[in-house]
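Encoded as structure tokens, the structure appears first; notes follow it.
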Amino acid sequence: MTTQLEQAWELAKQRFAAVGIDVEEALRQLDRLPVSMHCWQGDDVSGFENPEGSLTGGIQATGNYPGKARNASELRADLEQAMRLIPGPKRLNLHAIYLESDTPVSRDQIKPEHFKNWVEWAKANQLGLDFNPSCFSHPLSADGFTLSHADDSIRQFWIDHCKASRRVSAYFGEQLGTPSVMNIWIPDGMKDITVDRLAPRQRLLAALDEVISEKLNPAHHIDAVESKLFGIGAESYTVGSNEFYMGYATSRQTALCLDAGHFHPTEVISDKISAAMLYVPQLLLHVSRPVRWDSDHVVLLDDETQAIASEIVRHDLFDRVHIGLDFFDASINRIAAWVIGTRNMKKALLRALLEPTAELRKLEAAGDYTARLALLEEQKSLPWQAVWEMYCQRHDTPAGSEWLESVRAYEKEILSRRG
């Protein structure tokens, strides 16, 4: 341990103790909050089903930084490199298109065996896995509809894909001893003025009911549904709106997914967490950074990321909120993108754990809003960085920007050799 780091840590302990915070307890609590890293940052959402195919569904990965993963082995190696630079508990979030098979597999026929390598890798790296059906980048989603499709056979294909995905998810949970959160997001919508907004939603409602009809062990699998305001090519109407999925999750008691980029730019999901928690059993969060639209920029340690973390901690939602990330930037080093975004999420959680929430609640209840604002602002200047650096030290990860040196070395030795 460096003398400088140790001295900063001791001073930080004293400073936080003065406001009633036990920093050791904060670090213990931080180790209770895994962050689920998304595999698709590593290859720009290409997957292994048809890596040369185009990305559809109203989403875009922009940029052409060299060295993206071309197969599962490369993606896992890149993930390992990123995870070595991120302290504390982690999970991995997979999409169905990241299956491994020597022969083509129709999406409605995916099975646990197509993901056994991921499970073995997760066991070796002490990770939980989460899952997603992939209802995009496919000939049967080309017209913009999947689970709400008017064609019975096409709709059934996507229903069967989601049902098969649930079994894969349950397999993850059973094998790894931690439930897999499986999130359903569909791109269904229309570009222009829509006359019949009801019928597609009726079809989606019935389709989802069929998807979740098979009872699975909640210790292995958790269903989640995700809304969106609009996508490219679906600007005027989205079948799976916020109101639709809030109603669905409430009435069916599934988890609700809130994506930071899936709402109007003036809305924030941090304000939605406490409201949703009154009605749904669990929340899945997709922490992202929308720049003017759902652009999925790398997560920053900004006001909204901090507000999301604070909501989780202030209301003791550790066991009801699942923290996932969802961004994909192809314009920068993809491993660095993972490291920056995931470390920022964990920093936000630590800062929330170092807040004297009980004292702030008392001030708020007493109507002393002056003191509340004053203390909230003074809190920002307390030496949380020293606590973060100690946390990194204890988890054998770089405390500061030294991690970038490791990324650069990996880029030179590994990424630069990829075609």
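Please read every residue number as a count from 1 along the shown chain.
Positions of Cβ are set from backbone N, Cα and C atoms, glycine also.
Owing to the predicted nature of the structure, the values given are computational and were not obtained by experimental measurement.
The Mn(2+) site in Swiss-Prot is built from Asp294, Asp296 plus one of His262, His264, His315, His322, namely His262. Under the three-state DSSP scheme, His286 (Zn(2+) binding site) falls in the strand class. Spanning the listed L-rhamnose site, residues His95, Glu226, Ser227, Lys228, His262, Asp326 have a farthest Cα to Cα distance of 19 Å. The residues near the Zn(2+) site, meaning same-chain residues not in Glu226, Asp259, His286, Asp326 whose C-beta sits within 8 angstroms of the mean position of the site's C-beta atoms, are Asn183, Trp185, Cys257, Leu258, Ala260, Gly261, His262, Leu284, Leu285, Ser288, Gly324, in sequence order.
Between Asp259 (Zn(2+) binding site) and Asp294 (Mn(2+) binding site), the C-alpha separation comes to 9 Å.
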